[in-house]
Amino acid sequence: MGHGTLDHVTAQVLVVGSANADLIVAADRRPGGGETVLGGDTRTLPGGKGANTAVAAARLGADVALLGAVGDDANGRLLLGSLRDAGVRTEFVRVVERPTGVAYITVTPDGENSILVSPGANHAVAPDVVDGALEGARVLATSLETPLPTVEAAVSAASAAGVLTMLNLSPVASVGESTLAALDVLLVNEHEAGWLLGESREKESALLDLGPRAAVVTRGARGALVVTADGVTEVSSPKVTPVDTTGAGDAFAGALACELAGGVDLVASVRTAVRFAAVSVTRAGAQPSYPALSELE
Ligand code: ATP
């Protein structure tokens, strides 16, 4: 199961995605319109789907770069620091004249999170910056907290260059038919899969009718499904006691990208991603919860 992981030191993953500071505050309840509620102290943690995915891939030993943008502010420095500490290359992270993206996260005692994202600098990532960054990449991993035209340009350029393309359709949004058709791997959680498949709740195999070569559906504690032209393979998760599932989807995406860049086949890659994400939910936070390769054995 995923024993190829040790060979991955030369893997090349380009993540085109967001970097956000997660500002987390616990409160007894979330405020309604026109209301003020006092909460606990604010915790500021590095996050954003792109940064989380890149850090996860780096923890597994991938040679990974993030393409994105942060502001010239304390949150931007926090994010650049955490990326560099994890060994993620940051030469394609631009520092722009907009505030670093922020996710305002309210956590209530029922364990429910409400999240308001201010994309800020992430919206400054223009389509034209992708081309030069693809050189040497084996896998492009992207998601939808970066402007859609940039994501679509990245997928199109990567596909044309023979780079394996993977899109995490999160947060869920419509993407163009030609983008879906240029995907090697469409990565969705169950909610996103349901949204794509529509009311009829067709079988997951119908995800391939949208155009990708393969689809991976994450299913929380139940693991994941791998959908290819050969059929649907169920990959179950090890049983764990979840502490904090924040960033589990990004952990999965990063691990999957790392494995695929190392030449591991899709089902074996998903087995490793499931194990990696399962460890991540047993620890607090997103990036700080991601295990190193040595902890996965
Ligand atoms: P999130 O929004 O929390 O980042 P998600 O909704 O995108 O996650 P999920 O399907 O909930 O995606 O989780 C992604 C992966 O994380 C799952 O496929 C699984 O491998 C792992 N995972 C999530 N929750 C659990 C859990 N309770 N126990 C074990 N593994 C889990």
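Glycine is treated like the rest: Cβ placed from N, Cα and C.
Quick caveat, the model's predicted, so the values are computed rather than measured.
Of the residues Asp250, Asp265, TrEMBL puts just one in the substrate site with Asn20, Ala21, Asp22, Gly48, Lys49, Gly50, Ala51, Asn52, Glu145: Asp250. In this structure, the CA atom of Asp250 (active site, proton acceptor) is 6 Å away from the CA atom of Lys49 (substrate binding site).
The most densely surrounded of the binding-site residues Ala51, Ala221 is Ala51 (count of other Cβ atoms within 10 A of its Cβ).
Just so you know, of the recorded positions Glu145, Asp250, the Cβ with the fewest other Cβ atoms around it within 10 Å is the one at Glu145. Between the CA atoms of Lys49 (substrate binding site) and Thr246 (K(+) binding site) there is a gap of 11 Å, rounded to the nearest whole number. Close contacts with ligand 1, defined as a Cβ under 6 Å from any of its atoms, occur at Asn189, Ala221 among the binding-site residues Asp22, Asn189, Ala221, Ser280.
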